[in-house]
């Protein structure tokens, strides 16, 4: 009985790759040092899978940045601005594409399907001269072979690669990326020939685009590509792997009829509908790689339930043609549970990180061929049962409160224009009011105080004193700059989700549960294991303290329910929307307590609303409905005169503008400084928007300090499409990662620009 893993995390159990990359980028270590860390991580991953009994072990899923960028390098598709002159692509050109360099910007980065991982988007056009320029796949296959491990080399499939690309600057937007297929196939043929010569017997093509809504023309490209590759693939076993959703019926037909393909891989966790297609017919003599172990979450597999799914599939495809697999690459889950000594024992028994999932895959494969590890299975069954019955998971009061939400739409009592009038009477703001998004720079000193307080090295009293001093400094600075609506700067917060999760029940936190977001950047998502509630006020103490330091309005600062959900590992024993409604009720309690404490402006960030959008258009409506509803639940109970702000960290929301309007916030601030035009075009096209809006007037992700002229000019462009009385002036995101030396002049220029325009309007009206 065979077992397979689609891919494995690269960062290492203690983020070894992250530190090696950053040390190399800072010039503190050599390319050889980086290569050594990378090689050690690869060999330990291969050895571990081999020791765990996995038959089909992937190679070339490791990367020093991103697997799509690796493919771009393999194809020699380097944009001309990087000055590459042919030859094998090395770290200099590779990292310039990923991160930019002193003279040219990086390639664009975007979300990998609906995960929180980001890939580097290839820039293609009719002029690109493809050539075989990175032999990484072959080198890593040989490297594993020298260690005595025969692996399955993994390549991003040619059709998905093109569909994940974008037309380069200067290329017609309407350019057909698929027209390049016959230019890239010869490179794939060269790679395949070298792998075959090196002794590879299996090869895996990842074609995740097959789970998307594709037209006949796109499906035809798959048929064409694999027919063209058929001759060079002969003598090899070929697996085409899909993941992240079920494969639609038409795509399933196309996929299972591909020429030269020996096996098909499916995500049976997020794509349970595919089971029906397989039951309706699977090509005889082909291998089915059944992805029953969830690669995107941290829950232990329900082995008994997986086993029954696998037994049913065995009846369809035959015993020797069924391979047990993960639902997708384990890249999207944490690395190893052994590095969590502090995690609560009971909760720990419910979890499996990547290393544990590999063991689960093998245990299922063995059970299918009559070598069931009874002890392992019964331990698993006991953990599943304890999770179902644990009083820590279920809270009757929360369940009832969430059930009671069903009947209402949760809208505020008056419409937005009436509310804005009531708010203006209270706040008395000038036109083009200025504000910031929430966080101020976090100095080393500040991080040290927080760390020491957490380690109980400083007393609570001293900690509160230090934070108080910091808030006072931030308030004074904003008053000196003459900003209209202030923030307290969030010096007490480590992270916009973790800070709240630590104070809500139903959340658990890991020490090393890091997951790669992009490059060397990792996130450590909280684990939502039970019903969520708010035992006591979370932010009221700090917000009231900050408000007492100034006569100007002080914004309360909260993270919205959808963002907390989308940036966490979410329980899989109830629908996501139910968990989201529970979080919304907890945030609602906080909003109402802030209002009682005299906070008149409350910001509820929904940075990740767009991130949760499902892959298929047919599912968008349902998701947006409950996501927007969750946001409204948080603030439907406040007075008209309390102003609700929200912030969104995303520019591509032209397609969801109607949902954003339906959130019914009083003011929305937007990260858009890299794509003003895209954003404003929505309003130019006549979308009626009556609430306050603050498109970011400068980009905080760059150390550059914008001039007063530049900001004024941008605001005037915005005023060409937005009413003067609804426009706010603000940076495009929080200032946490910037230095004060950059923040002070930038904000000073921002306020000056707003004042200059106010004077201009006053004289012309």
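Backbone N, Cα and C atoms are what each Cβ position is placed from, and that goes for glycine too.
Owing to the predicted nature of the structure, the values given are computational and were not obtained by experimental measurement.
Counting only residues at least six positions away in the same chain, the Cβ atoms of 733, 737 sit under 8 Å from the Cβ of residue 701 (active site, proton donor). Sequence annotations record features per position, and here TrEMBL assigns active site, proton donor to 701.
The 5-methyltetrahydropteroyltri-L-glutamate binding site annotation in TrEMBL covers 18, 116, 521, 522, 567.
Per TrEMBL, L-methionine binding site is recorded for 437, 438, 439, 490, 605.
Around the Cβ of residue 647 (Zn(2+) 1 binding site), a 10 Å sphere holds 27 further Cβ atoms from the protein chains shown. Feature annotation from TrEMBL assigns Zn(2+) 1 binding site to 647, 649, 671, 733.
The Zn(2+) 2 binding site annotation in TrEMBL covers 658, 662. Residues near residue 658 (Zn(2+) 2 binding site) in space but far in sequence (CB under 8 A, at least 6 apart, same chain), listed by position: 687.
What TrEMBL lists as domain 'Cobalamin-independent methionine synthase MetE N-terminal' is 3-315.
Among the features that TrEMBL reports, domain 'Cobalamin-independent methionine synthase MetE C-terminal/archaeal' is placed at 432-755.
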Counting every protein chain shown, other Cβ atoms within 10 Å of the Cβ of residue 662 (Zn(2+) 2 binding site) number 15
Which residue, out of the binding-site residues 116, 439, shows the minimum number of other Cβ atoms inside 10 Å of its Cβ in this structure? 116
Check the domain 'Cobalamin-independent methionine synthase MetE N-terminal' (3-315) for me and report the mean pLDDT. 97
Please report the Cα separation of residue 437 (L-methionine binding site) and residue 522 (5-methyltetrahydropteroyltri-L-glutamate binding site) in Å, rounded to an integer. 23
The answer, for which of the binding-site residues 18, 521 has its Cβ ringed by the most other Cβ atoms inside 10 Å, is 18
Say we define neighbours as other CB atoms within 10 Å of the CB. Which of the binding-site residues 437, 522, 649, 733 has the fewest? 522
Tally every other Cβ atom lying within 10 Å of the Cβ atom of residue 438 (L-methionine binding site). 24
Measure from the Cα of residue 662 (Zn(2+) 2 binding site) to the Cα of every one of the binding-site residues 438, 490, 521, 605, 671, then give the nearest. 605
